[in-house]
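**Student:** Input: one structure, supplied below.
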Amino acid sequence: MPGFLILNGPNLNLLGLRQPEVYGHTTLADVEAMCREHAERIGVTVEFAQSNSEGTLVDHIHSCRERLDGLILNAGAYTHTSVALMDAISSAEVPAIELHLSNVHAREEFRHVSYIAKVAVGVICGFGPRGYTLAMDAMQAHLERAR
Ligand code: CA2
């Protein structure tokens, strides 16, 4: 069974608890429950993690190497700044999907820049928490195409 890591970056632990006008009322624990339920439905396993620290996110990405089949990454604000996360994805040699709750292209200009997109197989943004299950489906389809 394919295994995915769903990894969340800085401040996403506050999801549903602050700024609901931007990010909605769903908490990260709700998102994790949705992903676990969806994983059973589509026949994949998921690991789910969040960190506010760039180095810890790098370690999580490295942990995918030769162990998991796909990385779904909402890197939060590090998306727009982190060469370290980009290099970690390249060195882990695992297909990655960049994910955002909000449509970053309809927001401030600095959010239009992504280091992750340069090494990702694709990007999903603007669909709120539903984006997580869309990304799982997209990763499964990507792996099936690559087989
Ligand atoms: O839309 C997304 O998923 C983002 O990755 C969220 C990041 C933002 O920096 C990216 O540009 C787009 C911010 C995550 C902050 O999450 C919060 C959630 C609730 C309250 C405060 C922050």
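Using N, Cα and C of the backbone, Cβ positions are placed for all residues, glycine too.
TrEMBL does not curate its annotations; it predicts them automatically.
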**Student:** Select one of R65, R111, R130: the residue that TrEMBL places in the substrate site alongside N74, H80, D87, L101, S102.
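**Tutor:** Of R65, R111, R130, R111 joins N74, H80, D87, L101, S102 in the substrate site that TrEMBL records.
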**Student:** What does DSSP call N74 (substrate binding site) in the simple three-state scheme?
**Tutor:** strand
**Student:** Of R18, D87, L101, S102, listed as recorded positions, which ones have a Cβ less than 6 Å away from ligand 1?
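**Tutor:** The recorded positions passing the 6 Å Cβ test are R18, L101, S102.
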